[in-house]
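Asks: The structure under discussion is supplied below as structure tokens; questions concerning it will follow.
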Amino acid sequence: MTTDQDLKMDGQPATSVFATKGTDVTPKKDKGVIKVVKRQGLDGERPMIGDRVTVHYTGKLLSGKKFDCSRERKEPFSFNVGKGQVLKAWDIGVMSMQRGEVCKLLCKPEYAYGSAGNPDKIPPSSSVVFEMELLKFEGEALTGDSGIIRRIKVKGDGYMNPNDGASVEVHLEGKCDGRRFDCRDVSFIVGEAEDKGVPLGVDRAMDKMQKGECCLLYLKPKYGFGSEGKPEFKIGPYKDIVYEVTLRSFQRAKESWEMDLPEKLELAAVVKQKGNQYFKVGLHHQAVAQYQRIVLWLEMECGTGMEQQKRIQSYMLRAHLNLALCFLRTKEYTQVVENCNKVVELDEHNEKALYRRGEARLLRNEFSLAMEDFQHVLQVNPSNRAARAQISICQSKIKEHHEQDKKTYANMFQKFAERDAKQVRKMKRRRDECVRNGMNGEVGIKRRRRSQDGPSAK
């Protein structure tokens with residue numbers, strides 16, 4: 001029968017080592033997670049809430065029995081720390097570590113597997129020991145292109161987040177190359193932060209934050225000050241920036257289901273005008289946020305009369321057309337095609353939708369489809385010179401593409417022919433060698449026979 005003293009550390013009972021050398025890393029200081037460092041990590045920062053961490057670990061009971069080990073699977077384990085995705089002891093322990101550190105954690109049941117344990121592995125109400133190695137960690141990407149990375153310094157309260165159109169009060173501190181350039185309290189509407197000189201990346205992060213949260217936002221130029229920079233802050237073009245943001249309070253905007261149709265139509269007019277203002281000064285991402293609000297509000301509405309139906313269709317057409325134009329500017333051509341398709345569903349002969357879809361398809365090298373769109377434009381409006389010019393470009397591109405295909409296939413066939421000829425020559429050489437070897441063999445046999453027969457009798 002095993003006892004708690006069976007697990008050894010440095011030749012001593014593990015519980016004794018934790019008692020004499022361990023550090024209580026729990027926030028409550030209730031000794032629920034005791035840590036002993038086995039190898040110091042690299043000097044520097046530690047993981048923050050929400051960071052993506054990668055670890056190797058080995059789990060043992062106090063009896064010394066191993067119940068899990070990532071190294072034996074030859075595969076490290078990754079998770080977002082501080083988000084409740086793993087054992088409470090792991091969230092606490094890993095956030096106390098540095099990159100490259102190896103430590104052991106003595107975890108009480110309430111921080112590990114609880115009173116139930118884990119069937120066939122962990123007895124009920126068992127303390128366990130984990131050896132952890134922190135391999136790496138990185139912030140949480142809030143966008144698909146990793147242009148906004150968040151690292152949470154202080155977790156917020158509750159589960160509510162600001163939504164699009166919400167009023168927020170925040171404290172901002174901005175840095176570039178280690179120099180602080182911005183420090184202020186500011187209020188703004190989510191989706192309209194640009195009006196207060198707040199960069200797009202901070203605006204975009206709002207719907208992920210909770211009241212009281214303090215986080216670091218690492219912004220690429222696309223979500224910072226872009227190609228123009230920010231002269232008043234002495235920031236040049238294409239610079240990465242970092243903002244520390246504290247969300248002090250917010251008031252959520254009405255959701256779509258909380259508004260009736262007249263209210264939506266009234267707001268759509270205001271939001272459309274706001275989007276147009278952003279577009280005119282080249283703030284295409286901000287304009288997109290405004291036009292998308294119109295689509296969100298009205299895409300499921302039918303209206304009760306002809307007048308309402310016409311107004312809904314008019315707003316939807318303009319929103320999708322404007323979205324297509326914005327996405328053309330930001331070179332997101334798939335989004336252009338999708339929004340133009342929405343317009344064509346409502347109005348199959350819409351000249352702007354057909355033309356903009358043709359532009360996007362041409363830029364995606366879909367020359368035949370683009371030419372079909374431009375030809376359709378001419379059917380709708382024969383005097384559209386731009387569409388006629390685009391057709392000429394498509395024809396030229398198609399011809400160029402065919403010529404390139406010819407060259408590619410010609411070179412391919414030439415290589416095949418050369419390879420076949422080489423193989424034929426190689427086979428011929430082998431055949432000739434076989435023939436020569438065969439003839440030499442016959443001559444040798446005849447000579448051996450004559451020598452064996454000796455001189456003939458005379």
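Glycine too: its Cβ is placed from the backbone N, Cα and C atoms.
When I checked TrEMBL for this same protein, it listed these features:
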DOMAIN    50-138  domain 'PPIase FKBP-type'
DOMAIN    165-251  domain 'PPIase FKBP-type'
REPEAT    351-384  repeat 'TPR'
REGION    424-458  region 'Disordered'
Asks: So what's near the repeat 'TPR' (351-384) in sequence-distant terms, Cβ-Cβ under 8 Å and 6+ beyond its ends?
Replies: 320-321, 324-325, 327-328, 331, 333-334, 336-337, 340-341, 343-344, 390-391, 393-395, 397-398, 401
Asks: Write out how many residues of the domain 'PPIase FKBP-type' (50-138) are helix, how many strand and how many coil, based on DSSP.
Replies: 14 helix, 37 strand, 38 coil
Asks: Grab the pLDDT values for the domain 'PPIase FKBP-type' (165-251) and give me their mean, rounded.
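Replies: The average pLDDT of the model in the domain 'PPIase FKBP-type' (165-251) works out to 96.
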Asks: Taking DSSP states H, G and I as helix and E and B as strand, how many residues of the repeat 'TPR' (351-384) are helix, strand and coil?
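Replies: The counts are 27 helix, 0 strand, 7 coil.
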